[in-house]
Amino acid sequence: MLFPQLYVPGQQNLYFNKIVFVNCVLHGIYSSLILFFIPYGAMYNSMRSDGKAIADYQSFALVAQTCLLIVVSAQIGLDTAYWTVVNQFFIWGSLSVYFAITFTMYSDGMYLMLTPSFPFVGTARNTLSQPNVWLAIFLSIILCVLPVVGYRFLKTQLKPTPSDKIKEAKKRPPPPSPKRRLRRTSTRRSGYAFSHQHGFGALIMSGRNMRPKSPFATTGTFSPNTTGISVA
Amino acid sequence: MAVNYSAKEEADGHPSGGVGLSGGGAAGGGGGAVKTRKPDNTAFKQQRLPAWQPILTAGTVLPAFFIIGLIFIPIGIGIFVTSNNIREYEIDYTGTEPSSPCNKCLNVSWDSTPPCTCTIDFTLEHSFESNVFMYYGLSNFYQNHRRYVKSRDDSQLNGDNSSLLNPSKECEPYRTNEDKPIAPCGAIANSMFNDTLELYRLDNDTRIPIPLIKKGIAWWTDKNVKFRNPSGDTNNLTALFQGTTKPVNWPKPVYMLDSEPDNNGFINEDFIVWMRTAALPTFRKLYRLIERKNNFQPTLQAGKYSLDITYNYPVHSFDGRKRMILSTISWMGGKNPFLGIAYITVGSICFFLGVVLLIIHHKYGNRNTSADIPN
């Protein structure tokens, strides 16, 4: 309850209402158009660097789906506010598993084992080795991700939400407190001031930060009795 | 309600007494007999993992916009210049205009004998250096129609002997003809492009034929993995295709596509190129290669040329168009200015937006102080 005004947007349904939904739909429409028309424009009447075909149905599908996967991973990365090891593993792992599965499915071995099910043999190798294709993919990623970044940045500048303000405040170092008197015996008596941050509770209860001269140092508790406190 | 803080609790948080025990049971070692249901006090389970918490500040977003703008514009210029340096020449030889030499062939049918021929003369303004690629292009031809794309039998094309005589049901109605299985079956194979194009250089009334190479036009994986002839003696393909019949609209059966044994049957490269269905209704497919002679002479000099066409493929009934394209190739493929223009446009817009956001941040951004957050 350090920042009670963080609860207000939830009560006012600010983050999940019809306008937000319409925004999502428009964003989806825009992304779909980009993800189709950028590969379309890049492959229209185009060829590989050795003159052979690149504008065939299988290569076009592969380019579009690679663009899509990378854009979706980037969008998830943008929405992830708290990057732990688990997040890193799953986001980068998804992308690598996509490429691994694609190359496996389009390999010679799978085709020769189950011919009618894997007709895309050779497409991944032949298409993803073209710089043309990677330039088109890079362009689609930037076109899909940058508007989102720009829009969110604009919102934090012009209409910051309470959580944005708090994040900004936390980033700046707190102003230095005026110098206190040199007597600090009272502040070291117990670790109570730090007990609200997580991780310190156990430390406090162990009594390790208590001064040796305090009357209860031998028992390590607040009470002179040897057994624990029971609060009924 | 009773909460126990036992003296035996250790610093790493494995309490010997559990939460939820009543106060009465706290005496002595009551905690050791019951397994605690609290999660372990590890970083993973208590959600204390070290984490990176990025937020979108002006310090990251504005440089990102500027850097992307500054990277994209040179890339776009490079691609655009490369595309402009590619030489391309296109001739539409459908023959719909009465003045075109191929107008007489416009309403030809697929089996007319003798085949209709026409000749188109053209002039190349600039010479073509390095390898030149000759393509045939079709317009308004939907090779991406779903029923068309499925109308093939990949097992048969891979040389499977049982599929050769018993093609898949997907090939209907081009599966059998007069009770004999069709090899290769399906609508894609049936509609194979069969015009013949020959190129001559006109040098003071002498026609010098230009050597056109017909191998090396299909993907390596297609020619060597995907398409195989039925197993057996490759020199006698007629015997291997015994019991099958040619597709309905083909003039010759599949084992007579070429005289060379490694370009005959299912592994004929023109056939393989056609079977790789195009994604868009206007497409071009590689037809022949013109190899460069040496480093000192251009492959195709500037001057007058003549194209001889054996017009077998009727496209007028569906308003299609046919054309022949001569093109050189660069590291980014054929002549395609779209990517270059797109990169330049996106780079400029990014840079402009970066400037706009910088102005907005300067004017409004510093109102975000923590003064209105009670602490």
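Residue numbering: from 1, along the chain as shown.
The backbone N, Cα and C atoms fix where each Cβ goes, and this holds for glycine too.
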Legend entry - TrEMBL annotation of region 'Disordered' - which of the ranges B:1-38, B:77-114, B:153-190 it falls on: B:1-38
Inset, instruction - Go through the chain and flag residues at least 6 beyond the ends of the transmembrane segment (B:55-81) whose CB is under 8 A from any CB in it; none is fine as an answer. - result: 332, 337, 339-354, 357-358, 361, 365
Legend entry - Folded-back contacts onto the transmembrane segment (B:338-360), same chain, C-beta under 8 angstroms, at least six residues removed: 58, 61-62, 65-66, 68-73, 75-83, 332
